[in-house]
Amino acid sequence: MNQLELYIDTFVEYLQIEKNASPYTVKYYRNDLEIFADFLRSEGLSHIANVTYKDVRIFLTSLYEQELSRRSVSRKISTLRSFYRFLEREGYVEGNPFVQLHLPKTSKPVPGFLYQEELDKLFEVNDITTPLGQRDQALLEMLYGTGIRVSECQNLRLQDIDFAIGTIFVRGKGRKERYVPFGSFAEIALETYLQEGRTKLLEKSNSDTEFIFLNSRGGHLTNRGIRTILNKIVERASLTVHVHPHKLRHTFATHLLNEGADLRSVQELLGHESLSSTQIYTHVTKDHLREAYMKSHPRANGNKS
């Protein structure tokens, strides 16, 4: 293992232990760092401490030559800026050549969301007379009804649900914890699943578990398992739009804001540290926008002469 690989491994370990980064974040960081390592080797740069601002500019040019999007380039530069900041703090290098690098601002894409008719189709296709159908319905109700992330939903435990006041305890990103309310539809789906479906699924496993959502063998349902379940639900509903679990979170936020919820409350429900992360959801549906226009503009409904 050469020195750069050792630095990368040390940084990744820091992300996992100190920053509690998700496996997906770690994967993307490592990938970005390995791309930079390949560049250094191709340029004959043997020591990371010798990298200059000029080298960084050449690296940036090489990224654009690959026709990567601005967003992808910005993420890679952000990764390397953090990497060098870590190395500088640990005393491995004396400066951060990426500090001087300024990139054009990238606009955040508007998150996709589902219309009510599309949501209704998803909720109608699960066979709630079967254990798996009851689980799928409860899973769907939790993802849309609370807006929690897939990883947060996967890690829900029995003791995290308080049916008396209709809330769940959520362990969020970066060890941040919060309480999120759920409504009557989610309550009914959860109670049915816990009393019937989950009990039957658990019988297939030799061990007990406190996790709420189980796979077909009675074990803990994985993130990939949740995505597979949702794909099957979408297929049964014959939806033509792509639906990933995070789109249900986008839909949750969009529908709340469209119906008058304030931004700060939605921020708290989503577990966003920064309000700017929540502001990307302030788009509205075309129908909602037209309805507001027709109700509010003085010349929207005038008679034509």
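A Cβ is built for glycine as well, from the same backbone N, Cα and C atoms used for every other residue.
Given the structure is predicted, the values throughout are model-derived calculations rather than measurements.
According to Swiss-Prot, the features are:
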| type | residues | note |
| --- | --- | --- |
| DOMAIN | 2-88 | domain 'Core-binding (CB)' |
| DOMAIN | 109-294 | domain 'Tyr recombinase' |
| ACT_SITE | Arg149 | active site |
| ACT_SITE | Lys173 | active site |
| ACT_SITE | His246 | active site |
| ACT_SITE | Arg249 | active site |
| ACT_SITE | His272 | active site |
| ACT_SITE | Tyr281 | active site, O-(3'-phospho-DNA)-tyrosine intermediate |
Count of other CB atoms lying within 10 Å of the CB belonging to His246 (active site): 14
Residues satisfying Cβ distance under 8 Å from Arg249 (active site), sequence separation of at least 6: Leu143, Gly147, Ile148, Arg149, Leu270
Long-range Cβ environment of Lys173 (active site), under 8 Å and at least 6 residues apart: Asn20, Ser22, Arg149, Gly271
Local confidence of the prediction over the domain 'Core-binding (CB)' (2-88), expressed as mean pLDDT: 88
Tyr281 (active site, O-(3'-phospho-DNA)-tyrosine intermediate) versus His246 (active site) - Cα distance in angstrom: 13
In three-state DSSP terms, the structure that Arg149 (active site) belongs to: coil
Residue distribution over DSSP helix, strand and coil in the domain 'Core-binding (CB)' (2-88): 70 helix, 0 strand, 17 coil
Cα-Cα distance linking Tyr281 (active site, O-(3'-phospho-DNA)-tyrosine intermediate) and His272 (active site), given in Å to the nearest integer: 12
Secondary structure at His272 (active site), reduced by DSSP to three states: coil
